[in-house]
């Protein structure tokens, strides 16, 4: 199960497509990609 946008995340969790875990904030943010 992937983590949705602004969902809490840690290094061991995978965010959903086009999202990346923000180390600074500790939640999933958009990684800037569309494809």
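Heads up, the Cβ atoms here are built off N, Cα and C, so glycines get one too.
Non-local neighbourhood of residue 2 (disulfide bond): 14, 15, 16, 17, 19, each in the same chain, at least six residues away, with C-beta under 8 Å from its C-beta. The annotation disulfide bond is assigned in Swiss-Prot to 2-16 (among others).
Per Swiss-Prot, disulfide bond is recorded for 9-21 (among others), and the stated evidence type is experimental evidence. Taking a C-beta cut-off of under 8 Å and a sequence gap of six or more, residue 9 (disulfide bond) has these contacts in its own chain: 3, 15, 21, 22, 26, 27, 28.
Reduced to three states, the DSSP call for residue 28 (disulfide bond) is strand. When Cβ atoms from all protein chains are considered, those within 10 Å of residue 28 (disulfide bond) total 23, not counting its own. Annotation source Swiss-Prot lists disulfide bond at 15-28 (among others), citing experimental evidence.
For 6 (among others), the entry in Swiss-Prot reads site 'Pharmacophore for Nav1.7/SCN9A'. Of all Cβ atoms in the protein chains displayed, 12 besides its own lie within 10 Å of the Cβ of residue 6 (site 'Pharmacophore for Nav1.7/SCN9A').
All protein chains included, residue 19 (site 'Pharmacophore for Nav1.7/SCN9A') registers 21 other Cβ atoms within 10 Å of its own Cβ. The feature site 'Pharmacophore for Nav1.7/SCN9A' is assigned by Swiss-Prot to 19 (among others), with experimental evidence given as support.
The annotation site 'Pharmacophore for Nav1.7/SCN9A' is assigned in Swiss-Prot to 27 (among others) on the grounds of experimental evidence.
Sequence-distant contacts of residue 29 (site 'Pharmacophore for Nav1.7/SCN9A'), defined as residues of its own chain at least six apart whose C-beta falls under 8 angstroms from its C-beta, comprise 5, 6, 19, 20, 21, 22. Residues or ranges marked as site 'Pharmacophore for Nav1.7/SCN9A' in Swiss-Prot (evidence: experimental evidence): 29 (among others).
According to Swiss-Prot, the site 'Pharmacophore for Nav1.7/SCN9A' annotation covers 30 (among others), on the basis of experimental evidence.
Non-local contacts of residue 31 (site 'Pharmacophore for Nav1.7/SCN9A') by the CB criterion (under 8 A, 6+ apart in sequence, same chain) comprise 18, 19, 20. Marked as site 'Pharmacophore for Nav1.7/SCN9A' by Swiss-Prot: 31 (among others).
Look at the Cβ of each of the recorded sites 27, 30 and count the other Cβ atoms within 10 Å; the largest number goes with 27. Of the listed disulfide-bonded residues, namely 16, 21, the sparsest Cβ surroundings within 10 Å are found at 16. Counting every protein chain shown, the Cβ of residue 15 (disulfide bond) has 20 other Cβ atoms within 10 Å.
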